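Q: These came from Swiss-Prot, pasted as-is:
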MOD_RES   GLY2  N-acetylglycine
CROSSLNK  LYS220  SUMO1 cross-link
CROSSLNK  LYS220  SUMO2 cross-link
MOD_RES   THR232  phosphothreonine
REGION    253-297  region 'Disordered'
Amino acid sequence: MGFVKVVKNKAYFKRYQVRFRRRREGKTDYYARKRLVIQDKNKYNTPKYRMIVRVTNRDIICQIAYARIEGDMIVCAAYAHELPKYGVKVGLTNYAAAYCTGLLLARRLLNRFGMDKIYEGQVEVNGDEYNVESIDGQPGAFTCYLDAGLARTTTGNKVFGALKGAVDGGLSIPHSTKRFPGYDSESKEFNAEVHRKHIMGQNVADYMRYLMEEDEDAYKKQFSQYIKNNVTPDMMEEMYKKAHAAIRENPVYEKKPKREVKKKRWNRPKMSLAQKKDRVAQKKASFLRAQERAAES
């Protein structure tokens with residue numbers, strides 16, 4: 001079929017239908033969302049869970065959600081800004097932090113449903129492929145599907161770091177090793193050791209060592225927070241190992257105490273009737289005193 005020019009006449013504008021708001025804003029890929037949300041018709045009221053991963057400039061957000069007509073219901077959430085509690089105070093948006101956030105989400109969710117002792121996941125991090133399988137006589141493994149949003153799902157993306165953390169934490173998420181760091185598209189082989197290095201922050205540590213030797217000023221500028229918190233390249237692996245153990249030990253979210261805010265009043269409050277009468281009496285008395293002084297003088 002040849003090129004057909006769109007004639008923008010009166011009928012075109014009269015029948016024009018705008019796209020969904022979140023599509024107009026460039027926030028939602030409805031082609032992907034439809035496939036992530038719609039459940040099999042023979043499963044009736046069973047929700048289809050999604051593991052939502054979003055990476056911002058300063059944070060990594062991981063959520064487990066399911067769709068309802070009223071809107072998405074969030075079952076559990078974990079954030080990279082919670083990691084300082086577990087000993088990771090710097091680099092909260094790198095691949096290693098994404099793994100920790102995914103692990104925290106998985107352990108928190110399973111703890112909430114009382115399944116954390118049944119599905120321990122992969123305790124020893126080796127970067128290799130791991131899949132959670134349901135145990136006979138126990139509740140089935142919690143299954144969900146990765147929702148990467150509008151992120152480019154290229155090999156080594158941080159979204160897959162969060163996915164790997166959640167899988168190692170005990171969630172059943174369908175995936176392959178093709179998008180993990182360490183996969184070679186030419187030889188079609190996966191190097192688990194390269195992936196493990198990324199999970200343990202060794203790629204960052206290697207770059208830190210390189211900058212320390214080559215450009216001291218660039219190192220001080222780029223890794224100022226690492227220097228401030230006394231984090232050296234040799235400490236990185238141990239820091240993440242301790243963080244993984246701490247997350248497994250206590251993944252429960254602690255609510256912050258509510259701050260009591262004293263309300264300030266910027267305008268004058270209304271006067272009662274008694275106050276108004278008293279004010280009038282004071283003004284009268286003041287006026288009469290002024291009249292008397294004027295008469296005396």
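Cβ coordinates come from backbone N, Cα and C, glycine included.
Each of the listed features needs to be described in terms of its position in the shown structure.
A: GLY2 (N-acetylglycine) falls outside any helix or strand according to DSSP and counts as coil.
The local packing around LYS220 (SUMO1 cross-link), expressed as other Cβ atoms within 10 Å of its Cβ over all shown chains, amounts to 13. Under DSSP, LYS220 (SUMO1 cross-link) is assigned to a helix (H, G or I) in the three-state scheme.
In the three-state DSSP assignment, the secondary structure recorded for THR232 (phosphothreonine) is coil.
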Q: Pick from GLY2, THR232: which of these modified residues has the biggest number of other Cβ atoms within 10 Å of its Cβ?
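A: Of the modified residues GLY2, THR232, the highest Cβ count within 10 Å belongs to THR232.
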Q: How does the region 'Disordered' (253-297) divide up by DSSP, counting helix, then strand, then coil residues?
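A: So the region 'Disordered' (253-297) is made up of 24 helix, 0 strand, 21 coil.
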Q: Can you grab the distance from THR232 (phosphothreonine) over to LYS220 (SUMO1 cross-link)? Cα atoms, rounded to a whole Å.
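A: It is 12 Å, counting Cα to Cα.
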